[in-house]
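If you check TrEMBL, you get these features:
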type    : residues                                                                               : note
SITE    : Pro73                                                                                  : site 'Important for tRNA non-discrimination'
DOMAIN  : 136-420                                                                                : domain 'Aminoacyl-transfer RNA synthetases class-II family profile'
BINDING : Glu159, Arg202, Thr346, Arg350                                                         : L-aspartate binding site
REGION  : 181-184                                                                                : region 'Aspartate'
BINDING : Arg202, Ala203, Glu204, Arg210, His211, Leu212, Glu343, Gly391, Leu392, Glu393, Arg394 : ATP binding site
Amino acid sequence: MISRVMTAELAEHAGQRVTIAGWVHRRRQLKSVSFLVVRDRTGLAQVVAEGDLPGEENVVQVTGTVTASSQAPGGVELVKPEIEVLAEPGAPPPFDLYRPVVPAALPTILDHAPVALRHPLLRAPLEISAASVAGFRETLDRLGFTEIHTPKIVASATESGANVFGIDYFGRPAYLAQSPQFYKQTMVGVFERVYEVGPVFRAEPHDTVRHLAQYTSLDAELGFVAGHRDVMAVLREAVAGMLESVRRRAASAVSSLGVSLPAVPAEIPAIHFTEAQRMTSSDEPDLSPAQERWLSEWAVREHGSEFLFVTGYPMAKRPFYTHPDPARPGYSNGFDLLFRGLELVTGGQRLHRHEDYLTALEERGEPVEPYEGYLQAFRYGMPPHGGFALGLERWTARLTGAANIRQTTAFPRDLHRLSP
Ligand code: AMO
């Protein structure tokens, strides 16, 4: 390993001769003096030098004396440098990575992602995303959950047959998993409480700012619940833990993006689906994006909450594994969590008796045979259980104010984009 001081810690070494390493973020050559700004994973450092200096995106190692300077980032700069070039770029970056406002449109950024994402403002959402996942894991580990890893190549669709990618699996038809739904439920029979952070695939024909063909799903499932409200309470903890981790681990990304982190109420307000319909004067069996926005604004006005649960979605709009509301025929123990105007999470209580699955499939005119593997769990005894899935990219987009979900993932996959 190259022995170096990280740029964020340079001020602790005032007066010493130290080595930093990173990329030339910016080069400015004036008549009498020249400056290099070097970028590493922790930040930027200024180097004062003379003569010809390596250009932007050269990978360099610089040894110099740490000296106070009020103009330099972090209040110190390196003087009397010895500069060694570790790698020289073959071409300049597609746009200036040092500009405080990104001077490129989204397609250009995505086409050049391996370089473009080096821009601190383009990297920041990814740092927030990583910190969120760390907080999710930390919280669920603390609550006694076990992390699982389920197959992404599967024999049957989970979230209804639509929007599924088919693949050729050694000459047999197979699918890319739309969610870990069946496997996470099955694993409740093994561990009681499980979670998974993994990719899921949706053959989304919509070209929207909130849909991807591959996204990261933060899934959880837990047994011995009295109903969906127990699941909502765990989700509330998970979201609070994610935010706490973002605050702790991604402070500089939060401040450079000017992100305002939401407060999570001790109890997130919840309204029933029929109430949501009444409030938005609708009789549609689902909520439109416009209704979701309206309801979110209402929750801020009425409850000071940027989060809102909508519970009791119609059974007809939920998958066959959904538990009905015993008190309200036609409605489910399923919920969505809205955050800043958008559906962020879907979850609910599931059926847990084998015979209820057989009836549910029959009622929907679906054959049992493709689900035999999954249904084993219920044949051998499963506790009342429920769970949820949170879309990571949607979360990061809402949190950072990114207008397009494609700004929150390094290599988005959509209707048109398959590379880089
Ligand atoms: P659902 O299909 O609603 O539920 O997905 C859960 C969450 O995933 C996110 N999401 C998406 N994000 C980006 N691009 C997409 N195409 C996309 N589709 C969905 C949303 C959504 O709320 N098995 C159930 C979950 C459960 O009940 O546990 C499921 O997958 O944030």
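Placed from the backbone N, Cα and C atoms, the Cβ positions cover glycine too.
Sequence features, as recorded in TrEMBL, placed on the structure.
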{"residue": "Pro73", "record": "site 'Important for tRNA non-discrimination'", "DSSP class": "helix"}
{"residue": "Glu159", "record": "L-aspartate binding site", "DSSP class": "coil"}
{"residue": "Arg202", "record": "L-aspartate binding site", "DSSP class": "coil"}
{"residue": "His211", "record": "ATP binding site", "DSSP class": "coil"}
{"residue": "Glu343", "record": "ATP binding site", "DSSP class": "strand"}
{"residue": "Arg350", "record": "L-aspartate binding site", "DSSP class": "strand"}
{"residue": "Leu392", "record": "ATP binding site", "DSSP class": "helix"}
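Each residue in the region 'Aspartate' (181-184) gets a DSSP state, and the totals come to 4 helix, 0 strand, 0 coil. Checked against ligand 1, the recorded positions Pro73, Glu204, Arg350, Leu392 give Glu204 as the ones with a Cβ under 6 Å from it, listed in sequence order. Within the same chain, residues at least 6 positions away in sequence whose Cβ sits under 8 Å from that of Arg350 (L-aspartate binding site) are Gln185, Tyr321, Thr322, His323, His385, Gly386, Gly387. Site extent for L-aspartate: the farthest pair of Cα atoms among Glu159, Arg202, Thr346, Arg350 sits 22 Å apart. Every protein chain considered, the tally of other Cβ atoms within 10 Å of the Cβ of Arg202 (L-aspartate binding site) stands at 20.
The two recorded residues Leu392 (ATP binding site) and Glu159 (L-aspartate binding site) have their Cα atoms spaced 18 Å from each other. A straight line from the CA of Arg202 (L-aspartate binding site) to the CA of His211 (ATP binding site) spans 9 Å. Cα distances from Pro73 (site 'Important for tRNA non-discrimination') to the binding-site residues Glu204, His211, Arg394 are smallest for Arg394. Across the residues the record lists as binding ATP (Arg202, Ala203, Glu204, Arg210, His211, Leu212, Glu343, Gly391, Leu392, Glu393, Arg394), the two Cα atoms farthest apart are 19 Å from each other. For the pair Glu343 (ATP binding site) and Glu159 (L-aspartate binding site), the C-alpha distance works out to 16 angstrom. With Thr346 (L-aspartate binding site) as the anchor, the candidate binding-site residues are Glu204, His211, Arg394, and the one with the nearest CA is Arg394.
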